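Here's the structure we're looking at; comments come further down.
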Amino acid sequence: MAIHNCEGENVSTENKAVYMDNSATTPVRKEVVEAMLPYMTENFGNPSSIYEIGKTSKHAINLARKKAADALGAEENEIYFTSGGTESDNWAIKGIAFANRDKGKHIITSSIEHHAVLHTCAWLEGQGFEVTYLPVDKYGMVSPDELRNAIRDDTILISIMFANNEIGTIQPIKEIGEIAKENQIYFHTDAVQAIGHVPIDVKKLNIDLLSLSGHEFEGPKGCGALYIRKGVKIDPLLHGGAQERKRRAGTENVPGIVGLGKATELATAEIEESNRTLLKLRDRLIEGLLKIPKTHLNGHPTQRLANNVNVTFEYIEGESLLLLLNAKGIYASTGSACNSSSLEPSHVLTACGVPHEIIHGSLRLSLGRMNTSEDVDRVLEVVPEIVQKLRNMSPLTPKEYRTL
């Protein structure tokens with residue numbers, strides 16, 4: 001994959017550039033781009049219009065809706081297109097909260113959710129709602145028993161992410177869904193990281209609302225969806241039009257929706273084959289990185305996404321590691337891309353009990369369809385050298401871990 005710097009020049013590295021930040025965003029697949037292009041040019045009609053090119057756009061949206069529904073085991077009229085995961089999370093949580101506040105004002109979520117969920121819940125607390133933030137174990141796993149104990153008579157919503165964006169831990173979604181159903185509480189899951197990696201059937205898992213975002217599985221940025229089970233009582237987030245069956249106002253992003261539909265279709269059809277490849281690469285990465293002394297794996301050892309590697313190196317700063325990796329043409333992150341500019345320690349690793357003194361030394365490598373065995377070789381060649389270089393420079397590194 002050809003990658004350029006901000007001046008548009010080729011990145012100079014000993015080998016090709018290696019992109020391992022697919023949990024932040026993914027390149028758009030060629031097939032997805034090809035599906036989108038006609039709706040940026042000749043098929044540009046507004047779907048609300050009654051003339052032919054408007055009808056063509058409307059038909060394209062309906063086809064994309066069917067593809068998204070099929071991927072989730074949902075019905076077509078349960079899929080609503082949005083601008084992405086953040087809007088979907090906001091709509092699900094605020095929409096349920098305000099539509100059902102006559103029944104109660106208590107919401108349950110976890111301490112490791114994406115900030116789109118956490119910040120929305122914090123905002124609702126300012127509006128008079130109460131939120132319980134469930135703790136997680138050292139692997140980032142929510143306890144179903146703790147969830148049961150947190151339920152109150154006035155609990156109206158449980159929002160637990162399907163898989164964590166930083167550490168890749170997959171939650172016991174089926175059990176959580178059963179608990180929610182038993183107690184007649186709405187269950188929302190942020191599945192932004194899970195689509196294309198974990199098979200999802202919303203009916204079998206008792207999911208009432210599910211958020212997804214196209215750019216996380218080789219679809220376009222700026223387009224997502226919210227699954228809302230038929231019969232769920234929810235208020236709109238946006239007002240000003242009758243689009244999306246009067247629930248989500250605003251002229252539809254037809255090219256984005258078409259791309260989302262195609263990306264969803266491809267990603268879900270290829271889960272088995274993709275996971276086989278990704279698991280081999282992931283496990284090689286983990287095995288190789290853990291050979292570096294004083295390195296720890298974050299997240300569940302087995303119940304994790306096939307593309308996720310998150311490790312902590314003692315005695316180094318993750319920001320310095322990323323800068324040196326960037327100079328070598330390796331692109332990774334320390335955690336959530338939506339919070340990458342913050343110097344605050346990861347709220348996810350903090351919740352998992354990672355000691356404060358080493359929490360800043362984390363590295364997330366998230367694999368994608370384009371990654372190869374050679375990419376893994378390159379990372380395993382470069383990372384140990386950089387870690388050692390940084391340890392040699394750090395006054396915190398004990399003598400036995402220096403090579404000066």
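Heads up, the Cβ atoms here are built off N, Cα and C, so glycines get one too.
Source: prediction; values computed, not measured.
Swiss-Prot has this to say about the protein:
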type	residues	note
BINDING	G85, T86, N165, Q193, S213, G214, H215, T251	pyridoxal 5'-phosphate binding site
ACT_SITE	C338	active site, cysteine persulfide intermediate
BINDING	C338	[2Fe-2S] cluster binding site
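The pyridoxal 5'-phosphate-binding residues named in the record, G85, T86, N165, Q193, S213, G214, H215, T251, extend over a maximum Cα to Cα distance of 30 Å. Close to Q193 (pyridoxal 5'-phosphate binding site) in the fold, though at least 6 residues off in sequence, lie S23, M161, F162, A163, N164, N165, G168, E216, L305, each with a CB less than 8 Å from its CB. Cβ neighbours of S213 (pyridoxal 5'-phosphate binding site) (same chain, under 8 Å, six or more residues apart in sequence): G84, G85, T86, S88, V192, C223, G224.
Within 10 Å of its Cβ, the residue among the binding-site residues G85, G214 with the fewest other Cβ atoms is G85. Reduced to three states, the DSSP call for Q193 (pyridoxal 5'-phosphate binding site) is coil.
Comparing the binding-site residues N165, T251 on other C-beta atoms within 10 angstroms of each C-beta gives the minimum for T251.
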